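Step one of this worksheet: look at the structure below.
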Amino acid sequence: MNEKLQTLLNTQVINEHGAALVYTQLAYEMDDLSFPGMRDWFYAQAEEERTHAQKLADHLLDRGYRVELGDIPVPSIKAATPLDAFEAAYAHEQKVSGQIREIARLADEVQDLDSRALVNWFLNEQIEEEDTVSEIIDQIKLVGNDGSGLLRIDARLGSRDN
Ligand code: FEO
């Protein structure tokens, strides 16, 4: 495999673990604000990010490369409202989408056919994740500061029916 691509894929393993920690922090914030459904939604999202990291790590390992975690950068995040939390999640997903596109561009450039299925999977996943979070943001904006509206969204997210 092209060495730069290998490095980028390894970095993405780290980034996905970083994303898991971002979601964990957001879960803590929602717990603090007493929105248990949103808390659980963020915990489930954190779990999903770990599976993303594993998917990338497995690809490298299956092709005979080692994976090194090193330091995992986590931005400091504060959310005073559910809207803050989901906007932070959206911004983070956009950042991850940019990272995945960078991998896709390099994989194309160096004609790494073996990673194509994996990279396509991640490109599609990012479209889905951004869409899911932006829908939640729209709904939160729609109810504004209406407590019962927020609690309904909280209940729905708690069942992860979205
Ligand atoms: Fe693995 Fe939410 O990006």
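Here the Cβ of each residue, glycine as well, is placed from N, Cα and C on the backbone.
Keep in mind that what you see is a predicted model, and the values were worked out from it rather than measured.
As annotated by TrEMBL, domain 'Ferritin-like diiron' applies to 1-144.
According to DSSP, His52 (Fe cation binding site) is assigned to a helical segment. Per TrEMBL, Fe cation binding site is recorded for Glu16, Glu49, His52, Glu93, Gln126.
Cβ proximity to the Fe cation site centre (mean Cβ of Glu16, Glu49, His52, Glu93, Gln126, cutoff 8 Å) flags the following additional same-chain residues: Asn15, Ala19, Glu48, Val96, Phe122, Glu125, Glu129.
Less than 8 angstroms from the CB of Glu16 (Fe cation binding site) sit Glu49, Arg50, His52, Ala53, Leu56, Val96, each of them six or more residues away in the same chain. The 10 Å shell around the Cβ of Glu49 (Fe cation binding site) contains 23 further Cβ atoms across the protein chains shown. Take the CB of His52 (Fe cation binding site) and look out to 10 A: across all protein chains shown you find 22 other CB atoms. Around Gln126 (Fe cation binding site), the same-chain residues six or more apart in sequence whose CB sits under 8 Å from its CB are Glu93, Val96, Ser97, Ile100, listed in sequence order.
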